[in-house]
Amino acid sequence: MSNVVIVGTQWGDEGKGKIVDLLTEQADMVVRFQGGHNAGHTLVVDGKKYILHLIPSGIIRPGKQCAIGNGVVLDPAALLAEMAKLAEVGVAISPENLKIADRTNLILPYHNALDQAREKKKGEEKKIGTTGRGIGPCYEDKSARRGIRLVDLYNPALFEEKLRENLDLVNFLLKNYYHEEGFQLADIRDDYLRMGDQLAPYCEDLAPWLEQAQAEGKNILFEGAQGALLDVDFGTYPFVTSSTTNASGACSGSGVAPGKLDYVLGIVKAYTTRVGSGPFPTELECADGQYLAKKGHEFGATTGRPRRCGWFDAVVVRHSARVSGLNGICITKLDVMDGMSEVRLCTGYRIDGKETAYVPADTAKLDRVEPIYETMPGWRESTVGCKNWQDLPAAAQAYLNRLVQVVGVPISILSTGPDRSETLIVQNPFHA
């Protein structure tokens, strides 16, 4: 039995979906433990593309059990739409292969409205750059103990009471502070009770279910969303998401004890990208950045927004390794850098004339850091589909070796293309 956690080490979009899909071959179960439908995982299997937002990537493989943990915030309408889309392409979903934690907090229509109204009021200069899908306001309600959970839909009187109390506050804010329309209780109540009936067969007390699976010796893969620099505590606050994106979130977001985790794999893009607002020390606003964006198809799977691109930042990935306790890293999208005459990696920062190897908590400081770069020769040869280390161009090998040196965590997996077959496995996390 092994419990493996997969986390992003940058600002999300590192390519976690493909690696989860790859490792699901050895897993019996895949558990999504945080985030919502603001995150998107893109998989390419046998030339067919799948984009998932809530359902764990393991759902594509027959015979695997998947679960949405209590750390996720769930929009029932978005989940049902995703299930329907998967059914259209032949992926059958049933209570046999998908469970949803009964403690999962629900995103309601007013969460979306609050999210969008807040961004609008902040304006272009100060907005966070959220997806506007209600993630932050839902987590806010959860922390304030006014959240509505999946289990509440099966007690209609309690659900209506909670909804009424919340709407008293929400409608006051929307109408009087944001000058937006409010909501009618009956409309939300009826829609959510109907969707609750549809999801009832999937509802599960997840912690005992996972405990039983561990007792039976099953391999469990825990799938994170976003990345460590979007973590609500250790990210570039306030330009972050509202959940725990590091490895500790796998425990609080599923009910599995910390001592049960065996291996933490960090997914690392060979360069760096970010969607939305916030500091980005190695951002490239030049031809190299445009090259990476175009060749890497750097557009968000959820929003379609173009991603900001930059050189690899070892300070950021070391920070991620520290807070998640990484055992190994998986490098993705190395092939995107094929054809560049030279490549650079950031090994440290200079702030107000002083060098540091750490990500400062002060966002204003991070905004003005000067990256300390090492420049290395690029490679003209293609790395696409390389499955042996010796097949990689010498310059690509040198780049990866230096990357490992400055990060301090060994490479477990190297991805050289979008398909699951385009992968070089150095150490399988389930066999570590």
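Backbone N, Cα and C atoms are what each Cβ position is placed from, and that goes for glycine too.
According to Swiss-Prot, the protein has these features:
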BINDING   12-18, 40-42, ARG307, 333-335, 415-417  GTP binding site
BINDING   ASP13, GLY40  Mg(2+) binding site
BINDING   ASP13, GLU14, GLY15, LYS16, ASN38, ALA39, GLY40, HIS41, THR131, ARG145, GLN226, THR241, ARG305  IMP binding site
ACT_SITE  ASP13  active site, proton acceptor
ACT_SITE  HIS41  active site, proton donor
BINDING   ALA301, THR302, THR303, GLY304, ARG305, PRO306, ARG307  substrate binding site
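Overlay of Swiss-Prot annotations on the structure.
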residue	record	Cβ within 10 Å
GLY12	GTP binding site	30
ASP13	Mg(2+) binding site	29
LYS18	GTP binding site	27
GLY40	Mg(2+) binding site	19
THR42	GTP binding site	18
ARG305	IMP binding site	13
PRO306	substrate binding site	13
ARG307	substrate binding site	20
LEU334	GTP binding site	24
THR416	GTP binding site	24
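In three-state terms derived from DSSP, ARG307 (substrate binding site) belongs to neither a helical nor a strand segment and is classed as coil. Rounded to the nearest whole angstrom, the C-alpha distance between GLY40 (Mg(2+) binding site) and GLN226 (IMP binding site) is 9. If you count neighbouring Cβ atoms within 10 Å for each of the recorded positions HIS41, GLY304, the highest count belongs to HIS41. The full span of the recorded IMP binding residues, ASP13, GLU14, GLY15, LYS16, ASN38, ALA39, GLY40, HIS41, THR131, ARG145, GLN226, THR241, ARG305, taken as their largest Cα to Cα distance, is 34 Å.
Ranking the binding-site residues ASP13, ASN38, ARG307 by Cα distance from LEU334 (GTP binding site) puts ASP13 first. Separation of the C-alpha atoms of ARG307 (substrate binding site) and ASP13 (Mg(2+) binding site): 9 Å, rounded to the nearest whole number.
Checked against THR131 (IMP binding site), the recorded positions GLY15, HIS41, THR42, PRO306, THR416 differ in C-alpha distance, with PRO306 being the nearest. In sequence order, GLY8, TRP11, GLY12, GLN34, GLY35, ASN38, ALA39, THR241, SER243, THR245 make up the list of same-chain residues 6 or more apart from GLN226 (IMP binding site) whose Cβ falls under 8 Å from its Cβ.
Of all the binding-site residues given, namely ASN38, THR131, the one with the smallest number of surrounding CB atoms inside 10 A is THR131.
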